[in-house]
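The structure appears below as structure tokens.
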Amino acid sequence: MTADQQKKAAAIAALEYVKAGNKVGLGTGSTANHFIEALAEKARGGFDVECVATSRASFQLAQSLGLKMTTLEKQPHLDVTVDGADEFDANWQLIKGGGGALLVEKIVATSSRYMVVIADQSKKVNALGRFPLPVEVVPFGVNATSWKIDRALRILDLKGKQVLRLKDGKPFVTDSGNAIIDVTIGHIPDPRRLDNLLKSIPGVVDHGLFIDICGIVLMGTDDGVQTFRKA
Ligand SMILES: O=C(CO)[C@H](O)[C@H](O)COP(=O)(O)O
């Protein structure tokens, strides 16, 4: 199976976690797109759900496929969010934000009774940190914020190579109007502490560590979809 086929298999398996009448958070990225397509197909058959998207791209896809859309303003409590991830570990901790939607993804996921992550098997890691950690920052004073990120890493005896994310040669702008710094760290021994340190920096809006947010991971493999579920 290719990685994309694994993503699709995980996305289809996630349909089981959505019940008729649910308010559903829709993630962002290629895996989440498979889920949006599968959910839209089910909805066309009369399955009634209302969805909140985590990005403009997901909103457009979902709406174009006929899914009933709402907003978190109108529906502040969702039943389930289904989203992809860049990495997950054995404790259901994640790195997200490869697609730049981490802030809204975290707001939507934490407004849901539970978050289901769908992924191909390349996303499973022994320890978080292989994937560069996306940190969403306010554009004002970005160099000062970058220095403070460095200082936070040093407190944990870590070093990170920071790169301002670009798109078409210009700084990438998130749906919320912020910039993203991708920080290559390598093995993150204490993601929870890094989460707290980064969140305490003025100028850091949020970052891609999702700590204690996800409870179920569905991973596509060559032998079918494997479920990792928190007890
Ligand atoms: O966090 C994300 C977007 O911000 C995505 O879920 C993550 O990057 C995984 O993407 P893909 O499903 O395309 O592999």
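Each residue, glycine too, has its Cβ placed from N, Cα and C.
For reference, TrEMBL has these:
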BINDING   Thr28, Gly29, Ser30, Thr31, Asp83, Gly84, Ala85, Asp86, Lys96, Gly97, Gly98, Gly99, Lys123  substrate binding site
ACT_SITE  Glu105  active site, proton acceptor
Taking only the Cα atoms, work out how far Glu105 (active site, proton acceptor) lies from Ser30 (substrate binding site), in Å, as a whole number. 14
Chain-mates of Thr28, Gly29, Ser30, Thr31, Asp83, Gly84, Ala85, Asp86, Lys96, Gly97, Gly98, Gly99, Lys123 with C-beta within 8 Å of site centroid, substrate: Gly27, Ala32, Glu105
Simplified DSSP label at Glu105 (active site, proton acceptor) comes out helix
With Cβ-Cβ distance below 8 Å and at least 6 positions apart along the chain, what are the contacts of Lys96 (substrate binding site)? List them in sequence order. Asp83, Gly84, Ala85, Asp86, Leu102, Glu105, Lys106, Pro134, Gly208, Phe210
How many other Cβ atoms sit within 10 Å of the Cβ of Ala85 (substrate binding site)? 28
DSSP three-state assignment (helix, strand or coil) for Asp83 (substrate binding site): strand
Just checking a number: largest C-alpha distance across Thr28, Gly29, Ser30, Thr31, Asp83, Gly84, Ala85, Asp86, Lys96, Gly97, Gly98, Gly99, Lys123 for the substrate site, rounded to a whole Å. 15
Counting only residues 6+ apart in the same chain, whose Cβ is under 8 Å from the Cβ of Thr28 (substrate binding site)? Ala53, Thr54, Ser55, Ala57, Ser58, Asp83, Gly84, Gly99, Ala101, Val104, Glu105
Which state, by DSSP, holds Gly98 (substrate binding site): helix, strand or coil? coil
Fewest other C-beta atoms within 10 angstroms of its own C-beta: which of the recorded positions Ser30, Gly98, Glu105, Lys123 fits that? Ser30
Measure from the Cβ of Asp83 (substrate binding site) and count the other Cβ atoms within 10 Å, all protein chains considered. 32
